[in-house]
């Protein structure tokens, strides 16, 4: 039995009481009484959660428990925080302080008694409904046990897009042919119901060898139901012209003209994914010339959208899978596993499992998404009884499905089962994804910090960090096909995750059912129903516009998280709304990224939010921070990555619980920050020797990630300070001195024994010897280094390097050589803006695992002769080089690239 969301809250409260037992000394009797009742409550909740769909009264009891647990947490944490602040004031006015202390303790004891009484009443009510105590709790495998099992067998289910395709090979060929060879059409459309595989099919066409060779540039834009014309145009421009920098502030009419002209002059493929209505196309179409080299691949649930965009368009309607194809796909996910070497092996299929599986996939209605989710669920079950339990849960939907609605209900039942089967911590993680707008690329680090701020994930004594644990959670959700993860081999860690819109509907439905979250949009600001629900919700997600002003008094004063998602830089908090901070005293998570504050001042009332664990002001319009920030002593995450110059008072030193701190890039010249007390920091971004002392780093021994700007001649001190950071894995080092001073990079990073990712933007005429670097260094990014000697002979001997980027004058010599046997693990290489480079020799046997190569604006470079030796190469991107005529079919050097599946030319005709 999978544990419920409410049970997780009770478990967290239990842990809080245990963790703070010493500080609650003196009122132990009341605390012990509360813990006893919590123990009884936990045993009842396992049965109550299983019966919540059968009884409204049970659901009401669960909601009561949720509110009681939240109230108890608020009471306990407020008491502990007030006690800490009282002690902090010293011995002045001792008698008065003691009197207040005793009053607070008596009130706290009374409050705890009240909470205990409420829990007793709930327990009595539950028992009257026949809810049973389940003490054993051994009926479900914990996430930790599941992860241990997975680590032992190292299984990876075949859930990539490529392996999910069943019976569509001919369709891919036909669609690719129309895009490349049919000059009478501009638009190729793929239509079909949600979850049927339109995007998966489009992605296969997009990456088809013939398509990649034919077009000069590519853009992929998710449109969805909520979009702005400007945002779609911006995304198209950014993908077709990635080198042209930030265009977020470009006038819409100027952008329209530039994009129109661009599409007139080259062969570009634009994918518009999930266009809902014909009117949506009418809003977007102004940037597309009537007939030029551009083509469009469009996906929609509405078959008429493609015809409306181009009456001559080629339309392809996706079909549902047959029962046989559905089982074949499910089998792939459940029974085909890869070992550590990547070898695919089949697991023997039990006859009873196969019989049940073939019946269960009929509930998926032939939708690949539903089949994949069912497969992900069944892949966690290894015995016939476990499969039987899933079968019984789906059972009522196996018969009598005669209409489309019946089919959809059975499909949503399958998707919902994947949620119900999750361990309680993963339920919270999954529900948290409901905060994000449709098709939003969810930055996983941001997600992990949200979860940590709410106590959903925590670090462990064994050295497991919040990020480590968060990645385990996401891997589990991805294994179940409930999310997709974008993991770029250029980088150490996962960057983004996403949900399919049908899975998101399940997520939103469950979040509403659990009263987990309310989403507030400008378009619904006047909705009475929305206002009523806002008054109950503890979490609030605001999507776009100047919506915070519209919330008014409808927000529940006990809201714990308030997240704002901007679609454009248009949001502004006026002074009249600033009291809203005071009206939300229990906030733990506050994200005001890209918010504009009138007058550039963050209201001092921010200091009243003493429970805050997460505060993001990333790209907010702020010029002055108040000293009241010093009150936020429980902060774990603070992002001050503002736009422009800002005044920062020296109060950050008081936030000693911080795990993540991003400082502003530019502060007033007189700013001096003392940061040595921030001993729990794991990530410190934008640290500058101009505003703080390098010596402060000596105390931050838990740092795993550091970005640092050198503004003075402090390399010796810096080297010794970095040497103390024995846990450092990621280092970004930038030189801002004028004039630039030559460094010996190896001296700086010599003692960083766990370093895996290194970015250097320092003047360094010669690259250090390889023995100065940790052998497990995986990723290196060098720019503006002005290296005069070829760094490749040293870099290629770093045996674990997976990605190398040399850009913007990293190397100023004329010749580079990649020798035989060099770079044995390298997957990605980028050479960009190396203006003096003329010759690059690639010997046979070099870079045997290279998958992607980008050569950008190296104007003097001759076409490398050994590219054809790199047989592993899958993607070659050439930007701003005059090689296209030689490398296209029929060109004199085509043989060098003919076996590379994806060759892309960008701005190569100038």
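Quick reminder: no glycine exception, Cβ is built from N, Cα and C everywhere.
Among the features that Swiss-Prot reports, coiled coil is placed at 22-60, with the record citing sequence analysis.
Along the domain 'NB-ARC' (169-461), the predicted structure has mean pLDDT 85. The domain 'NB-ARC' annotation in Swiss-Prot covers 169-461.
The annotation repeat 'LRR 1' is assigned in Swiss-Prot to 584-609. Residue counts of the repeat 'LRR 1' (584-609) by helix, strand and coil are 8 helix, 6 strand, 12 coil (DSSP-based).
If you look up Swiss-Prot, you'll see 610-632 marked as repeat 'LRR 2'. Sequence-distant contacts of the repeat 'LRR 2' (610-632) (same chain, six or more residues past either end, CB-CB distance under 8 Å): 74, 77-78, 81, 446, 449-450, 452-454, 561, 585-597, 600-604, 638-649, 651-652, 654-655, 662.
As annotated by Swiss-Prot, repeat 'LRR 3' applies to 634-655. Tertiary proximity for the repeat 'LRR 3' (634-655) is limited to same-chain residues at least six positions away from its ends with a CB under 8 Å from its CB atoms, namely 81, 449, 452-453, 593, 610-627, 661-668, 671-678, 685-686, 691.
Annotated repeat 'LRR 4' per Swiss-Prot: 700-725, in sequence order.
The repeat 'LRR 5' annotation in Swiss-Prot covers 726-751.
Sequence annotations record features per position, and here Swiss-Prot assigns repeat 'LRR 6' to 847-871. Under 8 Å from some Cβ of the repeat 'LRR 6' (847-871) lie the Cβ atoms of residues 243, 489, 807, 814, 818, 822-841, 877-881, 883, 886-887, 893, 895-897, 899, all in the same chain and six or more residues away from its ends.
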Open item on the list: Do any residues, 6 or more residues outside the repeat 'LRR 1' (584-609), come within under 8 Å Cβ-to-Cβ of it, and if so which ones?
Closed with: 74, 450, 453-454, 555, 557-564, 566, 569, 571-575, 578, 615-632, 639
